[in-house]
């Protein structure tokens, strides 16, 4: 227990993040299955829209703050960044420990917020006046705000740690332009966290004082404006979605170049600039989430154009991955299957994003299932596919064990069918005008909702199968002899699993 509770070892802390993220992911998945069960037939199942919205809100918060971010940044980031830099550990090992241990209390606060009073049924955006004292009395929203505060502090500390580590602890020979793409992606992600989270903290603190200390930041009666909250929230919220996907971009670059048998990704400098461009542009497009609040036509024109510009660096990344794959004789290992699935489905999600960027179109599609379909394609088939690819790819390094490849391929097919069956029909529902965040719908929408719910059940089976595959691997203890052929990245020069203290003598990297 002491080893885990007080650990300052980046590998142990990374493992804690993985376990925490997997556990939170099961909770978040359970909530999503409840949502799909409710929508699996017309009429009521739970019979209470407040509870339904509490489930939707908790599903979003758990998946974002307690599943994707801990696994990608905390798990893969902690494990791989020091190994890829040739650093003995993170720059601030004890702060690293605190970053992790802030998350269980944060998750507990969120779960408690659902259990007291009526729960926080505000949606993950927590817009006032719905989240204000009149519409949401009681402690639920306050507890959710404190949960976000803790998760935010955790991420800010982690961000400072990663930035410092990369600036100060690169091994001799690893110049910035030769730094692995995954490390670059984590650094850019950390910068985005550092710049966006304080704004969220400000917004939810003002909401807290509006609710409890009689201020009126977001109350027109006292000269406030609920639209101010939306601007503050989305100034955080849009960079946040890039925070969720950028580490995935980094992992996919490594996996594709490795599996293509090439020593680096096509146009790796361009890949770095593309990620920097995405990170920068991510801060100046936030109001595309607010096309329906009545902004000036010139404001809408700007946010439409700026949003579409993000498609350019994203396209550079997609086509560089395809160019990396070009001309190779692929063996379809499980990791490359997930990576190919990522490229294909992330592109679909990106295209629906370009559709929604048009302010005039978005006014029709805003708050319909078209938006739900869009962001689940980039999250449920972008971020999650990247996590799956990365986990399978680096599992032999982390554990020194092998997974059952045949099962993993079957599991990929099950998940691929499941997620597409769940989310593709939602485009049709959105185009037909089915609104988000309602527990019931007119009979006309029944067919595609039934298909979507069947898809979610298939995905659930896929996830359970995945956990069984990991269990089987840990029980069977098949040791790795050679973890990978012709490795293109230095973390593979470690033992499998790596020694508790790798790089106790600093390496010199020559090329």
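Cβ atoms are placed via backbone N, Cα and C, with glycine included.
For 15-35 (among others), the entry in Swiss-Prot reads transmembrane segment.
In the three-state DSSP assignment, the secondary structure recorded for residue 43 (Ca(2+) binding site) is coil. Under the heading Ca(2+) binding site, Swiss-Prot lists 38, 43.
Marked as transmembrane segment by Swiss-Prot: 54-74 (among others). Long-range neighbours of the transmembrane segment (54-74) within the same chain, counting only residues 6 or more positions beyond its ends whose Cβ lies under 8 Å from a Cβ of the stretch, are 13-14, 17-18, 20-22, 24-25, 27-28, 31-32, 34-35, 46, 99-100, 103, 106-107, 110-111, 114, 118-124, 140, 144, 147-148, 151, 155, 158, 162, 186, 189-190, 240, 243-244, 247-248, 251, 379, 383-384, 386-387, 437.
Taking Cβ-Cβ distances under 8 Å and a sequence separation of 6 or more, the neighbours of residue 376 (Fe(II)-heme a binding site) in its chain are 349, 419, 422, 423, 426. Summarising the annotation, Swiss-Prot assigns Fe(II)-heme a binding site to 59, 376.
Here Swiss-Prot flags 100-120 (among others) as transmembrane segment, drawing on sequence analysis.
Tertiary proximity for the transmembrane segment (143-163) is limited to same-chain residues at least six positions away from its ends with a CB under 8 Å from its CB atoms, namely 57, 61, 65-66, 69, 73-74, 77, 81, 90-92, 95-96, 98-100, 102-103, 105-107, 109-110, 112-113, 116, 120, 122, 126, 186-187, 189-191, 193-194, 197-198, 200-201, 204-205, 207-208. Taken from Swiss-Prot, the feature transmembrane segment applies to 143-163 (among others), supported by sequence analysis.
What Swiss-Prot records for 181-201 (among others) is transmembrane segment. Below 8 angstroms of C-beta separation, residues 73, 76-77, 80-81, 84-85, 148-149, 152, 155-156, 158-160, 162-163, 166, 232-233, 235-237, 239-240, 242-243, 246-251, 253-254, 265, 268, 271-272, 275-276, 278-279, 282-283 of the same chain, each at least six residues beyond the ends of the transmembrane segment (181-201), sit close to that stretch.
Annotation source Swiss-Prot lists transmembrane segment at 232-252 (among others), citing sequence analysis.
The Cβ neighbour count for residue 289 (Cu cation binding site), using a 10 Å radius over every protein chain in view, is 22. Look at Swiss-Prot and you will find 238, 288, 289 tagged as Cu cation binding site, backed by similarity to another entry.
Around residue 242 (O2 binding site), taking its Cβ as the centre, 22 other Cβ atoms fall within 10 Å, counting all chains. The O2 binding site annotation in Swiss-Prot covers 242 and is backed by similarity to another entry.
Swiss-Prot lists 266-286 (among others) with the feature transmembrane segment.
Tertiary proximity for the transmembrane segment (303-323) is limited to same-chain residues at least six positions away from its ends with a CB under 8 Å from its CB atoms, namely 249, 252-253, 256, 265-267, 270-271, 273-275, 277-278, 281-282, 284-285, 287-288, 291, 295, 343, 346-347, 350, 353-354, 357-359. The feature transmembrane segment is assigned by Swiss-Prot to 303-323 (among others).
Taken from Swiss-Prot, the feature transmembrane segment covers 336-356 (among others), and the record attributes it to sequence analysis. Outside the transmembrane segment (336-356) by six or more residues, the chain places 245, 248, 252, 255-256, 259, 288, 307-308, 311, 314, 318, 321-322, 325, 330, 362, 365, 370-371, 373-378, 381-382, 385-386, 388-389, 392, 409, 412, 416, 419-420, 427 with a CB less than 8 A from a CB of the stretch.
Close to residue 366 (Mg(2+) binding site) in the fold, though at least 6 residues off in sequence, lie 291, 292, each with a CB less than 8 Å from its CB. Positions annotated as Mg(2+) binding site by Swiss-Prot, on the basis of similarity to another entry: 366, 367.
If you look up Swiss-Prot, you'll see 374 marked as heme a3 binding site, on the strength of similarity to another entry. Within 10 Å of the C-beta of residue 374 (heme a3 binding site) there are 24 other C-beta atoms, taking all protein chains into account. In this structure, residue 374 (heme a3 binding site) is part of a helix by DSSP.
For 378-398 (among others), the entry in Swiss-Prot reads transmembrane segment.
Looking only at Cα atoms, residue 43 (Ca(2+) binding site) sits nearest to 367 among the binding-site residues 288, 289, 367, 374. At the 8 Å Cβ cutoff, the transmembrane segment (232-252) and the transmembrane segment (100-120) share fewer than 3 close pairs (sequence separation 6 or more) and do not count as touching. Between the transmembrane segment (100-120) and the transmembrane segment (15-35), three or more CB pairs separated by 6 or more residues in sequence fall under 8 Å, so the two stretches touch. Within its own chain, the transmembrane segment (15-35) is flanked in space by residues 4, 7, 46, 52, 55-56, 58-59, 62-63, 66-68, 70-71, 74-75, 78-79, 100, 103-104, 107, 398, 456-457, 460, 463, 467, which lie at least six positions past its ends and keep a Cβ under 8 Å from the stretch. Sequence-distant neighbours of the transmembrane segment (378-398) (same chain, 6+ residues past either end, Cβ-Cβ under 8 Å): 11, 15, 63, 68, 71-72, 76, 79-80, 241, 244-245, 247-249, 251-252, 254-255, 258, 334-336, 338-339, 341-342, 345-346, 348-350, 353, 408, 412, 415, 419-420, 422-423, 466, 473, 480, 483-484, 491-492, 494, 496-498. Comparing the binding-site residues 59, 238 on other C-beta atoms within 10 angstroms of each C-beta gives the minimum for 59. Looking only at Cα atoms, residue 238 (Cu cation binding site) sits nearest to 374 among the binding-site residues 38, 59, 367, 374. Across the structure, residue 38 (Ca(2+) binding site) and residue 59 (Fe(II)-heme a binding site) place their CA atoms 14 angstrom apart.
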